[in-house]
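The feature transmembrane segment is assigned by TrEMBL to 58-76, 88-108, 117-139, 145-165, 198-217, 223-243, 359-381, 402-422, 447-466, 487-510, 530-549.
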Amino acid sequence: MGLFSNGANGAQVPLLAVEDESCSSGGVEGVVDDKGEKAYRSSSGGWRSAFLIMASEVFERLACFGIYSNLIIYLTGPLGQSTATAAANVNAWLGAGFILPLLGAYIADSVIGIYRAIIYFTVLYIVGLGMMTFSALAYSSSSSSSPPLFVVIFFFISLYLVAIAQGGRKPCAQAFAADQFDIQDPSERRSKSSFFNWWYCALSIGMALAYTIMSYIQENLGWVLGFGIPCACMVVSLLLVLVGSKTYRYSARESEKNPFVRIAKVFIAAAKNWRRSTPSTFTTKEVQESERSSYKIKFLDKALIDTELSENQVGEAKTILQLAPIWCTCLIYSIVSAQTSTFYTKQGSTMDRKIGANLQVPAASLSSFINIGALITLPIYDRLFVPFARGITKKPNGITTLQRIGTGMFLSILVMVVSAIVENIRLRTAAEHGLVDTPGATVPMKVWWLLPQYILFGVSTAFVYVGSQQFFYDEVPAGLKSMGLALNYSIVGVGSFLSGFLVSAIEKITSPDGRGSWFPINLNEGHLDYFYWFLCGLDVIGLFAFIYFSKSYIYSNGGIVDVLS
């Protein structure tokens, strides 16, 4: 017996649900309840359902970042990898975890449905973390100073099982929570506008707990417990999702034709007719809007020639293709963000981290200040800035999502400037005290010097990450909401891979003879400040490219031309 049965309209619904006593007026279009019947506003959806999924996500982030935050320390410590190799491995794992949502979204939107995908991938998550705990236990039981090969292999297998699981679950959970709000209802539409801010607040709470509590446990109580607690957190996460199954709204569109196939047919038909001219009789809304776009995609209109495809299908395909330039220009920001869990952490590990006589702050725990920065910014943005801006611009969100993303990108330039200056001060301090050639020595400079770059980066994520989540969710067709969020997450994934490639390339260029690297094992001999200035330059280029494409982007929800000034 599976988790679902077939209800009305062919929609899959969970078997764990119990009967609702009654349904009042206020039916919600396009969704069904846990029994496959018409969903009613009074008994389903809204904050009551979204809150359970958000609470589940707090535990998922605690589990994921409980691994991620200190992964470079585990790789360079117990597994004995070099700094550059470990940083590349961390970026590769992070990249996989953020690219795999594309696969997870496809499976959810086209094969098994969003709710079932959440359940299945969460179970896989638990299995992967359980295996990781076992690998740490096997290493701790070994008498060898270096880990046995089978332990290393088993660890990386479990690590990538976790990547697959979190990649599959990530877009589904957020899309499913956002789907609990009906945009046709004015009150729920306003709630949905705030949802993405509070969703990221929930994630930030989980990440902050991971960076502080889990980092301390891993460095002071051992890696077995440090990996075992995240496994337990995912069990709690699964239970929270299941508890709310009777209150959720489930899409009634799951029985419709595969949306990927529907859109793919447009590209295939357009390719077949690429030599033919588009008749002047095609004056659809989508065609007219494409004329206004700076990066015209009129060739897709050829899909309407001698085919049974609808104008709506062509419009959906154009919407997807129009996202490509925005997606590409956001990559540089994700390259910058990848440094917070690699080189930022390694920097902190070389500095004075003592509080009082005995307590030493784990270097990875400083990343919690990213989340603190976001947690401070988001309520102010949602409760103060949005109402103020709404009164001026008359836009529901105060400013457009692209303007919000662009603001965060500008802040990331400042982050890199601050990072480069602080690292230069750290290097000069090490030189002044004769510690350049002393690996493992503590530079007499308080780790709190790193706080401005962490907090400022947290503020920028409140603009970029939340803005891009809402942008990609809103702009994709109705049947592809998980894919829209997966596209957003894939920006981080591809950016992490590019960051790893960039680090490897700079490593080879700056140390052709094995010396002079910007990223040596002993960071006091390196030049992370040069790397940060380089990233600052990339950030500037990325911002200008983003502004160029954003100036004439055509929003799918109303065809509003967004001028990013």
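A Cβ is built for glycine as well, from the same backbone N, Cα and C atoms used for every other residue.
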Ask   = Do we see three or more Cβ pairs under 8 Å linking the transmembrane segment (198-217) and the transmembrane segment (530-549), pairs being at least 6 apart in sequence?
value = no
Task = Using a Cβ cut-off of under 8 Å, list the residues of the same chain at least 6 residues beyond the transmembrane segment (58-76) that approach it.
result = 82-83, 85-87, 89-90, 93-94, 97, 122, 125, 129, 132, 159, 162, 166, 169, 173, 202-203, 205-207, 209-211, 214-215, 218-219, 223, 226-227, 229-231, 233-234, 236-237, 240, 341-342, 345-346, 349, 362-365, 367
Request  = Output the single range from 145-165, 223-243, 447-466, 487-510 maximising the number of Cβ pairs under 8 Å to the transmembrane segment (117-139).
outcome  = 145-165
Query = Near the transmembrane segment (88-108), which residues from the same chain, at least 6 beyond its ends, have a CB less than 8 A from one of its CBs?
reply = 64, 68, 71-72, 75, 81, 114, 116-117, 121, 159-160, 162-164, 166-172, 175, 260, 338, 341-342, 480, 482-483, 485-487, 489-497, 499-500, 503-504
Residues of the parent chain within Cβ reach of the transmembrane segment (487-510), under 8 Å, 6 or more residues beyond its termini = 84, 87-88, 91-92, 94-102, 167, 170-171, 323, 327, 330-335, 337-339, 468-469, 471-473, 476, 516-519, 527, 531, 534
